[in-house]
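Copied straight from Swiss-Prot:
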DISULFID  C21-C27  disulfide bond
MOTIF     1-12  motif 'Nuclear localization signal'
MOTIF     444-452  motif 'Nuclear localization signal'
Amino acid sequence: MVSHTHKRRKRASATQLYQTCKAAGTCPSDVINKVEHTTIADQILKWASMGVYFGGLGIGTGSGTGGRTGYVPLTTGRTGIVPKVTAEPGVVSRPPIVVESVAPTDPSIVSLIEESSIIQSGAPITNIPSHGGFEVTSSGSEVPAILDVSPSTSVHITTSTHLNPAFTDPTIVQPTPPVEAGGRIIISHSTVTADSAEQIPMDTFVIHSDPTTSTPIPGTAPRPRLGLYSKALQQVEIVDPTFLSSPQRLITYDNPVFEDPNATLTFEQPTVHEAPDSRFMDIVTLHRPALTSRRGIVRFSRVGARGTMYTRSGIRIGGRVHFFTDISSIPTEESIELQPLGRSQSFPTVSDTSDLYDIYADENLLNNDISFTDTHVSLQNSTKVVNTAVPLATVPDIYAQTGPDISFPTIPIHIPYIPVSPSISPQSVSIHGTDFYLHPSLWHLGKRRKRFSYFFTDNYVAA
């Protein structure tokens, strides 16, 4: 048997995937973020580097110095043997260059997208603060070097970017906003805004509770179960009718204040004497009544609580009693036999009418010799008046007598009769002058002219 060994091909890196799928627009989001440095970690480092300065530590600078000690090469061999590495100061070892091999199945046409690398449109300009510089002191015996940084003129830079919404190169990375060393951020604005989403008018949904059936029946809430016949209640029947109107008289001899018989009765201090009805002994609470129907009768019920025993802490111990009175029975519905209408037993039924009437021929009924000469037609209408007697209601004999003899003193008032005569003799009214009023039909002088009246008062009216 010959075993064939298949060489495992190396998977394409994120950069290779980005070069081949970016033009087609099928790149995954994680590949685009990794190549374009837009991951969450890159964003954190980008914004954190604006306010934090690490100096020459070589963190995130991309210089490849590996810090103070440089890079330490990784072991390639058996595990478990730790190689001895001696760090020499001043000697910096760089990482080896990875050479990727080209397989025979790789495409011979090299994509030109690789040549268009990420374009940096510009680095932010950092302004030097106006205060004094940094003083550096060394530990040697030499004279320390003092860096005198002269303040420069502060210049405020505003960046405006004009974008073409028709085409935007995804490989161009927008620069970070310029930041001053003092921590002030210069915010730039863009003249082109993103496409706004489609504005859809919102409608208010009204929930209609329409009936689900053709003949809806209003539902009724189920009545709560009273539980009057449970094992926890003592059943006591009361025959005394006082239980319906004044049940407190069966519990105590006192004369209580008027209480509503339909409310719950509470007896705070039960008497030590025996109750008028021994069945109501030690009753401290009598709840409101309830009407129920059981086994064809109407039953009046009340639930009472006994206070048989009290503890020192004030806890009451006692049972519960169901007092009931059967008011009346519910009779069964009587079945009434219906009688046929239109027939009377007092009149006989005629079944054969052939012998009651004589049959004549039509020729015998015709008389052609009748003469209507010297005759006239007379229509008479008679009205018969029938008196209807309506019995009157009988009035009982009640002796009508006068009221008590009460006389009030009266004083006669005499008013003399004096004929009324006019105190002023009537005077005649004479009118002198030529005053007059126009007829209303003469007020309108034109179709579109204002209506007004003419009055002439040139003389006087004498009375």
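Quick reminder: no glycine exception, Cβ is built from N, Cα and C everywhere.
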Which one of these disulfide-bonded residues has the most other Cβ atoms within 10 Å of its own Cβ: C21, C27?
C27
Specify the secondary structure state of C21 (disulfide bond) as given by DSSP, simplified to three classes.
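DSSP call for C21 (disulfide bond): helix.
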Pop the mean pLDDT for the motif 'Nuclear localization signal' (444-452) in here, whole number is fine.
59
